Amino acid sequence: MKAPVRVAVTGAAGQIGYALLFRIASGEMLGKDQPVILQLLELSNEKAQAALKGVMMELEDCAFPLLAGMVGTDDAEVAFKDIDVALLVGARPRGPGMERKDLLLENAKIFTAQGAALNKVAKRDVKVLVVGNPANTNAYIAMESAPDLNPKNFTAMLRLDHNRALSQLSLKLGKPVGGIEKLVVWGNHSPTMYPDYRFATSDGASIGDAINDQEWNAGTFIPTVGKRGAAIIEARGLSSAASAANAAIDHVRDWVLGSNGKWVTMGVPSDGSYGIPEGVIFGFPVTTENGQYTLVKDLPIDDFSQKYIDKTLAELEEERSGVSHLLG
């Protein structure tokens, strides 16, 4: 049996946490031969800690052979001690009448503290996925607050946008989603992100040629993917939790176990590619192998695409400048 991998999950008793933990414990994220120890962080209030205890009781009651241990805590340094993987799910949701900039600042406090705790106690090669919104900027804050860790350890989740775009293409084409490759989602995990199927194929055939409808692309596809989260809230009365958890599992699984040459979208610190300033956490196409990701380089960017990339970058730059004073 392999040595257990330590996985931290923040916001562990929340909706996404609840949809995530049982799948991690069953081996869906790191492999069916990989034991895990779950290190679960929740808010210190009585209600959150009681809910966390209940989730841990349920995890016990599943008798997962791969679940080698659990820790439940309200202390980030306990939750992040010696961890291999961190899923930072917990974030301050936007309350009624709350300005976006206030939300940014509230979350900046959380992710500054969590970045510092990771810096202090996590393994040096820890893989960090930020799910809590605004994910790109929260990941940037955590990364900047952990100066002793490699910036490449920090990623933001754009896999939900990627999966949403895959499914819209599958519906449009009437073809199975599993045959679609080389889709890209550029930018911020927000309605400004740009799903781009110019390079995508379905069973090897060009999707751009098959659809060949720029009006559908600009008027239906891009806005449908961008506003999908809001559409789910309207329909369900709650934000997307199971699909977000599923995307987190996809992201970490591919990062750790490899994407087998397939392109996937990850929010990663830019190395200056595609004109994105260095250090900005931006959705890019990557391939993954041996626990490392590699940017897909030198894709041509046409004028239509550049306009969308510029727009999502401008939003990220604005978010970054809104919190920069907190990062020294």
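Yeah, the Cβs are placed from backbone N, Cα and C, and that goes for glycine too.
Listed in Swiss-Prot:
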type	residues	note
ACT_SITE	His189	active site, proton acceptor
BINDING	Gly11, Ala12, Ala13, Gly14, Gln15, Ile16, Gly17, Asn107, Gln114, Val131, Gly132, Asn133	NAD(+) binding site
BINDING	Arg94, Arg100, Asn133, Arg164	substrate binding site
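Feature map: Swiss-Prot annotations on the structure.
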residue : record                       : DSSP class
Gly11   : NAD(+) binding site          : coil
Gly17   : NAD(+) binding site          : helix
Arg94   : substrate binding site       : coil
Arg100  : substrate binding site       : helix
Gln114  : NAD(+) binding site          : helix
Gly132  : NAD(+) binding site          : coil
Arg164  : substrate binding site       : helix
His189  : active site, proton acceptor : coil
Around Ala13 (NAD(+) binding site), how many other CB atoms lie within 10 A of its CB?
24
Could you check which of the binding-site residues (Gly11, Ala13, Arg100, Gln114) sits closest to the residue listed as 'active site, proton acceptor', going Cα to Cα?
Arg100
Just the number: how many Å between the Cα atoms of Gly17 (NAD(+) binding site) and Asn133 (substrate binding site)?
14
Measure the Cβ-based neighbour count of Arg164 (substrate binding site), defined as the other Cβ atoms within 10 Å of its Cβ.
22
Going by a 10 angstroms cut-off between Cβ atoms, which of the binding-site residues Gln15, Asn133 has the sparsest surroundings?
Gln15
Which ones in the same chain are close to Gly11 (NAD(+) binding site), with CB under 8 Å and 6+ residues apart in sequence?
Gly17, Leu41, Glu42, Leu88, Val89, Gly90, Ala91, Gly132
Given the NAD(+) binding site residues Gly11, Ala12, Ala13, Gly14, Gln15, Ile16, Gly17, Asn107, Gln114, Val131, Gly132, Asn133 in the record, what is the largest Cα to Cα distance, rounded to whole Å?
20
Arg164 (substrate binding site) and Ala13 (NAD(+) binding site), Cα-Cα, nearest whole angstrom:
25
Whole-number answer please: how many Å between the C-alpha atoms of Arg100 (substrate binding site) and Gln114 (NAD(+) binding site)?
21
What same-chain residues, at least 6 away in sequence, bring their CB to under 8 Å of the CB of Gln114 (NAD(+) binding site)?
Thr10, Ala76, Phe80, Leu88, Ala142, Ser145
Gln15 (NAD(+) binding site) versus Arg94 (substrate binding site) - Cα distance in angstrom:
16
